[in-house]
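Taken from TrEMBL as is:
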REPEAT    41-92  repeat 'RCC1'
REPEAT    94-146  repeat 'RCC1'
REPEAT    147-199  repeat 'RCC1'
REPEAT    200-251  repeat 'RCC1'
REPEAT    252-303  repeat 'RCC1'
DOMAIN    370-433  domain 'BTB'
């Protein structure tokens, strides 16, 4: 299951639909548009649908998901979007489809008419297999399996790499300095393009007034230019923000350059840098850098899974990498970027990797490998003795005295006892305030102080005029201090 819960655009999807999502992308000027792919390889879209960017054949907004029939079964491997917005995807078969805003020919179909449905981008690509796409504000670049780069769309600053500033209506191969070279990674800022070669060299072209090409000057470039300052440094991944660039080396270091008014370079100050600057991190090896052309936010992930963020973070300028509690860089953009879009196509890992917390949650009340069951109101709850001993002093004492495989519980209801056991697996409770009263009783009985506080908070949040008397009685009975001196009625 892909966790998209941090993006509000998905808030109305029922749990059974959320469980089917395997890939997703959130985009748009207010992060109000989304496309997602299910486990059945069906593609759905929802949101405001500016310029027909949802690919549904019209420009009507939709609060409920609608299926994009033409993309179902296509197996999307790469997706990117512009600020129009326009959307471009690459499929497992190497095909490229584009739709949405097309005022600058960024759809690559030779016109400037907006595309309301996904259309195959065929000019000069018909015999190529594209494995990655990247979009700037209004231009698009594509990377083939042979390491070639094609570009089209808006070209006012040379971001298409054609040697001129004329817009490019159809895909054109970016050659010049990239001729006979193999590109392995691409990225786009708002008005610039970047490419990493198989030998670790990095090239940039397009807009450069903030130094985002890393060339040591502020002049725009109409063809790819090698970043000489990175000579001898092997770059493996590059990521572009609105006007800044991050690069990851094969040794796990990060270099940054370009605009820095929000501290997005992570250098500890707000001065622009026209040449790559090593970010001084007293951390372990880095394995991923993240930025998005719509924002001034930066993020990175360490080898052990720690996530750092810096730059514009919900209006604050964070000038040095800040350690977060997140487990992936996507959460940085969901919670702190403006707008809160996804920086790349979210995907469940191929091996469906789960964290320890996710694994424990999945195994709760699962009979497959449980070694103990509680019988409450005639219903079974399957658990694991070792976990209960670790998590609860009551169970540590109880289970050290008995080898029973089934324990009957009479003093609490099934709903309350199941919620208690689930809390031991997840650290959360999911009960309405009326039922939280019973769980509060249990927490008091078992001397679980943290669970008691969670129940008190749940009861407090759920107070209404209709249930105030009932909840007040419970609060008084169990000395719920969160209510101390306050009125329970509105």
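Every residue, even glycine, has its Cβ placed from backbone N, Cα and C.
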Looking only at the repeat 'RCC1' (94-146), how are its residues distributed among DSSP helix, strand and coil? 0 helix, 23 strand, 30 coil
The average per-residue pLDDT within the domain 'BTB' (370-433) comes out at 91
From the DSSP assignment alone, can you count helix, strand and coil residues within the repeat 'RCC1' (200-251)? 3 helix, 23 strand, 26 coil
With DSSP as the reference, give the number of residues of the repeat 'RCC1' (147-199) in helix, strand and coil. 3 helix, 23 strand, 27 coil
